[in-house]
Amino acid sequence: MYAPPKTPSRHRARSEAKTPLTPSILSGMNNVSLGSPTKRASRPAAPSKSKSSSGPFDTTNPFIAPPTQSKSRPSSPVKRLASGGIPNCDSFQRQAGGGVIRKGGVESRLEVVTRDYVPPPKHEVKRSKSTPAVNRLGADKRDRFITTRETSADIAAVSATLEKISLNPQQASPGHTARLAAATGVPMNRRILGYHEQPPTASSSDTTLAQQREFARPLYAQRPGALATSTGASTNKTRKIPTQPERVLDAPGMVDDFYLNLLSWSCQNAVAVALESSTYIWKADTGAVVQLGECPEGSYVSSVDFSGDGAFLGVGNGNGDVELWDVETGQKLRTMSGHQGQIATLSWHQHILSSGCGDGSIWHHDVRIPRHKVMELLGHTGEVCGLKWRADGELLASGGNDNVVNIWDGRLGDVGEGARGSAKWTKRNHTAAVKAIAWCPWQPSLLASGGGTNDATINVWNSTTGARLHTLRTPSQITSIQWAPHRKELLTTHGYPTNSIMVHAYPSMERVAEIRDAHDSRVLFSCVGPAGDVVCTGAGDENLKFWRIWEVPSESAKKKKVMGDDVGGGRTNSTKEGILSIR
């Protein structure tokens, strides 16, 4: 009889593989009860090795089923056990419960499913054609435009990357980007959408709001490099400037007026200060205080200034008189009248004493002759509050309440009572009164000027060419400027809201140091000692404070006397003796 070829073992189904008879299976075979051929034929047939259907039916082997014409897949032994053909013995039950089947002496653990998964019923949602498909089941609540929720760090990284992208039609997409820009008429690299409504334009007829904003703007100005403490100072690593004054003098009656100049320091180490109607001189060598004199009744002292040699003191009064005093003897030498307003500022050059008046005029007084007025300078429409001669006497700088800086040539014009002079340079860059005026001692062509509340700007000019070299915005009004004699630096004093002293490097104009709240009120006046290391400041809080800002170079210290010896043998500006009073 012909037997078809056997299927190779590698192509057989898993159910056709031979399973060795283990002891547990043999014990189960002994308990097998043979049923009728009809019942066995009703169960799924096991595959046989022979494909012939005419062979005899072997009833001694329970694992050989009679041939059948059904070609369905044979059932697994586990289902046959459940159907009752083979009884479930204890060994099979333990293996089925634990998910372990022994096969060839090796245990393999199977996952036993104890609960079948029942899928939820599907609800069909009827929608219109305009309803997006993502909302059909209502399960996806995400933003259709934002696919993922990045963290702040990821967003920052993406933003940093996007900032580097430049819409360049020659690089990224030349044709498409250029066509889009040309078609829409939108400039490249410019924001298209604005998310803030434009503020309403101010009415041209009502200027009250604009004036109030100008007045309040300096009070809310941001301080560059604000400090943590009210009496602190900011310095760089190479400089350490004391935050406390070396000496404090009580000056009761000092007038709190921005336009006046009530402080001067002579080359003979004497400080002149005006207190209401009286003038006092404090000698730094001995600490003695001398009252020089008083102005006429009903008037007040508006300005003081020492001559170049320190032997004479010019005093300007509120009634327009200019007085000349001998410092050594304490005697008034003469009174020069003629001005129609207060004398807010004075400046000496040799025997010429120049005075700035409230009516905008500047007079040159020759103190040697009876007819003292030798020239008049007319270039200001407001009060002259800043006036400085250059050391060589060739130029004179003036600043006024009309926001103008004028540079005058002192060599031009005939000397006489009716002589008139014209300004060499006129600068109108400031937007507030210009009181702070100072010439540079180590580069004579440099002139520094500072504006008031609405300006608060330092400008440095070249008096030879008339060019503005540097501009620096400060946090508050500038009341005075002093150049450092031995360093390339300049010092400024300020009013509200900082009341500070600031030191700036030149020509970088970087801030070297700042002493905030140097006085309880705005710092109005300042002067530098003859050695160039100590700065004296005066304010409306009726105090004079001496600050050691710079150090005297060692070479010059050997040649000149710095400040003299104190009464106690210490430095002149020491605060060991406490607060002294001028009056």
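Start at 1 and count along the chain as shown; that gives each residue its number.
Placed from the backbone N, Cα and C atoms, the Cβ positions cover glycine too.
Taking TrEMBL as the reference, the stretch among 193-215, 561-583 described by the feature region 'Disordered' is residues 561-583. Note on the repeat 'WD' (377-409): its mean pLDDT in the predicted model is 93.
Helix, strand and coil residue tallies for the repeat 'WD' (377-409), in that order: 0 helix, 19 strand, 14 coil [DSSP].
When DSSP labels each residue, the repeat 'WD' (301-335) comes out as 0 helix, 22 strand, 13 coil, counted as helix, strand and coil in that order.
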